[in-house]
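The structure under discussion appears below in the form of C-alpha cells.
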Amino acid sequence: MTEQNRILCRELSLLAFNRRVLAQAEDKNVPLLERLRFLCIVSSNLDEFFEVRMAWLKRENKLHPRRRPDNGKMPSETIADVTEAARSLIRHQYDLFNNVLQPELARESIHFYRRRNWTGTQKKWIEDYFDRELLPILTPIGLDPSHPFPRPLNKSLNFAVELDGTDAFGRPSGMAIVQAPRILPRVVPLPSELCGGGHGFVFLSSILHAHVGKLFPGMNVKGCHQFRLTRDSDLTVDEEDVQNLRAAIQNELHDREYGDGVRLEVADTCPAYIRDFLLAQFRLTDAELYQVKGPVNLVRLNAVPDLVNRPDLKFPPHTPGRLKALGKNSPIFDLVRQSPILLHHPYQSFDPVVDMIREAAADPAVLAVKMTIYRTGTRSELVPALMKAALADKQVTVVVELMARFDEANNVNWAKQLEEAGAHVVYGVFGYKVHAKMALVIRREDGVLKRYAHLGTGNYHQGTSRIYTDFGLITADEQITADVNTLFMEITGLGKPGRLNKLYQSPFTLHKMVIGRIARETEHAKAGKPARITAKMNSLIEPTVIEALYRASAAGVQIDLIVRGMCTLRPGVKGLSENIRVRSIVGRQLEHARVYCFHNNGADDTFISSADWMGRNFFRRIETATPITAPELKKRVIREGLEMALADNTHAWLMQPDGGYIRAAPAEGESEADLQNDLWDLLRG
C-alpha cells in the first residue's frame, strides 16, 4: 500500500458517519417520530459540515492548491470527491423523507399537506394565518438600482419572486427578494379539526408560495422560488490586533452571518435562469448548487415530534440512576472524602456534579471554586451556582472558552453575567481552546485546606448530559486535585507548565503519553508478551498516532477501537493493520466518552479523557487525561466503556479497509447485545 493510501479522507469519513445516522432514520425498530429526529440531525450535521469543513477545503484550494495532506489528494480532488458523496447522501435523505417517512407518518394520521392537497377549510385557515401572522412581518425587497440584492443571513430561508407589472411609483420590476425571519416557524401546525382529528402541518414555504402576491398588490407573480445560502462560519480573531477578546468575538459573531457562500440550496423545480441568477449573486458555481426535492431546510422539522403528543411513536422516557450512597441529605464532600465517585452519564444522573457546585456555594467552609466552561447551554444551573458562590465572597475563577464553535454567543453572555457577579473570568489561553472539563473546590477542614475535583469526558451541560454518554470522576485524591490546581494556575497565570503527578495534558504531555503507551505495547508484543490496546473516542485522525498503531499491529498488538465519528485509519489491511478492528456505535444516545486502556502486561492502564485522537486535541487545545486507578472504578470503566461496546451487535457498525461500514448482527445462535439498553438496565438504579 502506498504512503498516500494509508490515511483516509477525513471529510469522506465524516459523511460516512452521517450515513450511519441516516440509517437510524431508516430503521423500523426506531420509533417513527425519533426517525424523523435522526433525519433532522443529519441535516444539522450537514449544515455544519459545509460551514466548517467544505469552507476550509475551499480556502485551502485557494491558498494552497497543490498541497497534498495526509490522504494524498489535492484540495480540488478532495472537493470533487466530497461533493459527490454529499450529493448522494442528500438525495438519499430527501428520498427517505418523501417516499418513506411521510407515508408512514400519514398512516399514523400525521400529515404534511402540500398546496395541491389543501381542502377548502384548510385554505381559508392558512390564508387567515398568513394575513395575521406573516403579512405584518415580511418585508419584500424589489431589485432595482436603488435596491441592490440583499445579503441573506447564513442558512436563512429566502424567496426569489418573479414579477410582472409596475408598482405604485411606476417602476417596472422583474424580481424581488422576500426574506423569512428566523422567528417564524418553518412548519405550521393546523388545528386538529382541519386534519380529521389527527395532526397536520404545512411548510412555511408553501404558505408563502400561495400568498406571496399579497406583498405585491397590483402586480402579477410569475414565480416564487425558495433558496438558502450556507456561508463559511469560521471565526477568526487576530491575537496581535485584539485588546478585548470578548468584544472581538462579539463583532466576529455578527460578521460570521455574512461569510463567503459555500452552498446554495434551491428546490428542484427552480428554473435554470433563476438558479444562474442566484449563483452569480453569491459568486458560486454549479458545483456548489444543491437542488432538493422538498423544503430547503429539513432541520426545522425537528419541531414536529414535540408538537405531536404520541408517546407510542417516541423513545420511552428513561430516568437516570442515582448512586445509593448519594442520599438527599448526604453532603457530597463527605462521601468523596471516603472514596472517589465515578459517574456514567446519562445512565447515571448529572445531579451530583451540579450538587457539588451548589453545596460549595452555600458551604461556609468552602473558600474557592474553579471551573472550566466549554459548552453549558442557555439554561444552566451550574453557572447560577457559580454566581451565588461569588456573591457569597468565595474566590470563584471560571475559565470560559469563548471560541467554542457555535456556542460563542452563549459563552459571551455567561462570561458577562459571571463577571457582574464578582467571579474572576478568564478567557483561556489565546491560540489554545480550553476543552478540558474540570472543576475544583477548596475547603478548610480541621484547620487545613482540602481539595475536591471533578474531571469529565463531556461538557458541563445538563441538556447534553441526558443525551451524550460520558464519564465523570469526583475525587479528593491529593495528587490529582493538586494537578487540577496546577492546570488552573497555568491557564489563568503566566509561566512555564508545572510538573503533574498523575494527569496528562495537552498540548504538553498527552500526545507523548499516547505514543509512548502504544510503543510500550509494541515492545511487549515483540517480546512475546500479551499486548492489547482498547480505546473509545469520537474521532481518530492524527497521523502520527495512526502510524504508531500500524506499527503496533505489525508487531502483533491486538487493537480494538470504538470510534463514533471520523476515522482515517484503515483497519484490517494485511501487512499494515490486520490486528486493528474499528467499530462505530450509533444509537439513541450520542457516544461521547473518551476512554483509553493499555494492557501493560496485565496492569490495564486506564484513562478517561476530554481529548479525541486528533491533531487539534493534542496540539491546539488544553485537554486532560485522568488515570482511573481505584480497582472497582477501573473495572467499571473497562466494562461499561469498552467491553460492553465491543460486544454490541445491535447498533454497532464495523469499519472496512476501504473506509466503508457494515452493520454488526448477532451470529447464529448468539443473543442480541445492545450497549445502550444494557447500560440503562445496569445503571438506572
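Numbering starts at 1 and runs along the chain as displayed.
Just so you know, glycine gets a Cβ as well, placed from its N, Cα and C.
Feature annotations, courtesy of Swiss-Prot:
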{"type": "ACT_SITE", "residues": "His435", "note": "active site, phosphohistidine intermediate"}
{"type": "BINDING", "residues": "Asn45, Tyr468, Arg564, His592", "note": "ATP binding site"}
{"type": "BINDING", "residues": "Arg375, Arg405", "note": "Mg(2+) binding site"}
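Shown here: features listed in Swiss-Prot, placed on the structure.
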residue : record                                     : Cβ contacts under 8 Å, 6 or more apart
Asn45   : ATP binding site                           : Asn18, Val21
His435  : active site, phosphohistidine intermediate : Tyr374, Glu401, Ser610, Ala611, Asn617, Arg621, Ile622, Glu623
Tyr468  : ATP binding site                           : His345, Pro346, Gly458, Asn459, Gln589, Leu590, Glu591, His592
Arg564  : ATP binding site                           : Phe17, Met537, Asn538, Ser539, Ser584, Ile585, Val586, Leu590, Glu591, His592
Additional residues around ATP, ordered along the sequence, whose Cβ is within 8 Å of the centroid of Asn45, Tyr468, Arg564, His592
Asn538, Gly565, Leu590, Glu591
Within 10 Å of the Cβ of His592 (ATP binding site), how many other Cβ atoms are there?
21
Report, as a single number, how many Cβ atoms besides its own are within 10 Å of the Cβ of Arg375 (Mg(2+) binding site).
20
Report the largest Cα to Cα distance, in Å and rounded to a whole number, among the residues Asn45, Tyr468, Arg564, His592 that the record lists as binding ATP.
16
Please report the three-state DSSP label of Asn45 (ATP binding site).
helix
Secondary structure at Arg375 (Mg(2+) binding site) (DSSP, helix/strand/coil)?
coil
